[in-house]
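S.K.: Once you've had a glance at the structure underneath, I'll fire off some questions.
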Amino acid sequence: EDCLYLNIYAPAHAETGSKLPVMVWFPGGAFETGSASIFDGSALASYENVLVVTIQYRLGIFGFFNTGDEHARGNWAFMDQVAALVWVQENIEFFGGDPRCVTIFGESAGAISVSSLILSPMTKGLFHKAIMASGVAIIPYLKASDYERNDDLQTIASICDCNASDSVALLQCLRAKSSEELLSISQKTKSFTRVVDGLFFPNELLDLLAQKLFHLVPSIIGVNNHECGFLLPMKEFPEILGGSNKSLALQLIHSVLHIPVQYSYLVADEYFHNKHSLLDIRNRFLDLLGDVFFVVPGLVTAQYHTDAGAPVYFYEFQHRPQCLKDRKPPFVKADHTDEIRFVFGGAFLKGNIVMFEEATEEEKALSRKMMRYWANFARTG
């Protein structure tokens, strides 16, 4: 399947020798969904005089399947991203871009990808700045245990009528299946995520950060002020959105965050102390999720980068888009993904890709400002 491609958006005047800054976008989607084709970089490119490249990489079982040995090491999605960056280095000047001024940026799984590329020795010299929105490589629970991987291998083997005890035989069997069959299997497995493969990741990620074994490039790391306000909990545990008592919150702290029962009460005391209404407890629980998955990992990563001597900027996006007023409950603030439409100038797009309907004049001004900030960083760091 020919699934690896990239799209290039350039100002009308760009030509070989223009040496414009290059911004390479990595789409999000939990490494399960998402596509380069749903993002239109033309507004950002034309307003800010930069080249915008959106790339596709393999997802799910196609992007992360591994057998735990040399026969299928995994991290294929990251290898796709490296290949895209190599292509940019070799070809972007023919579109008016400067291969010595490449900024990688992404949101959610795309930001996790950017953060991972910073940690990999395979990407030396392939980019020069990085922007991570709502995601970094050390987000908890991205790495599956050996038990979970082996359990998923058995599940796959059973569904496909393959032999899971031998990696070579399993791979040969799976390669005989259609992409549609493998895609349906991918939706039944959860453990195929990043692995320390000795190549892309030579060591555990926190060890790489602590030992300063990563690329010291200028970076922007950011979060929204309600990362788990609606989109993510709606997918995983929608029952919480109508309100929560402390019993349900404690149950979810244990089951979702895998915090032992004896410690969950310490967390509850920190977040739910003097909170009694169902709505107050819900709001604090959603704040807790945002802190665990996005805010704290982002701050920890920023501190490691700073300690290593790399320039870091940290932001919090706080605006709830007006176009979502009837699509999300009133209590939701700036939810996960809400900033993307501003960064890409969605309000100014006129093509088939709709990113920002009914933007107010104030939102258009905010979008212009964010595009300018992102592009200025791409130009000068």
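Note that Cβ sites are derived from N, Cα and C of the backbone, with glycine treated the same way.
Pulled these from Swiss-Prot:
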| type | residues | note |
| --- | --- | --- |
| ACT_SITE | SER108 | active site, acyl-ester intermediate |
| DISULFID | CYS162-CYS173 | disulfide bond |
| CARBOHYD | ASN163 | N-linked glycosylation site |
| ACT_SITE | GLU227 | active site, charge relay system |
| CARBOHYD | ASN245 | N-linked glycosylation site |
| ACT_SITE | HIS336 | active site, charge relay system |
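Situate these features within the shown structure.
M.R.: Annotation for SER108 (active site, acyl-ester intermediate): spatial neighbours GLY28, GLY29, ALA30, ALA133, SER134, GLY135, HIS336, THR337, criterion Cβ-Cβ under 8 Å with sequence separation of six or more.
In the three-state DSSP reading, CYS162 (disulfide bond) counts as coil.
Less than 8 angstroms from the CB of ASN163 (N-linked glycosylation site) sit ALA157, ALA169, LEU170, CYS173, each of them six or more residues away in the same chain.
Its Cβ taken as reference, GLU227 (active site, charge relay system) is surrounded by 28 other Cβ atoms within 10 Å in the chains shown.
Taking a C-beta cut-off of under 8 angstroms and a sequence separation of 6 or more, ASN245 (N-linked glycosylation site) has the following same-chain neighbours: LEU278, ILE281.
Residue density at HIS336 (active site, charge relay system): 25 other Cβ atoms are found within 10 A of its Cβ, drawing on all protein chains shown. In the three-state DSSP reading, HIS336 (active site, charge relay system) counts as coil.
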S.K.: Near CYS162 (disulfide bond), how many other Cβ atoms are within 10 Å of its Cβ?
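M.R.: Taking every protein chain into account, the count is 19.
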S.K.: Around CYS173 (disulfide bond), how many other C-beta atoms are within 10 angstroms of its C-beta?
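M.R.: I count 17 other Cβ atoms within 10 Å of it.
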S.K.: If I take the alpha carbons of CYS162 (disulfide bond) and GLU227 (active site, charge relay system), what is the distance between them in whole Å?
M.R.: 40
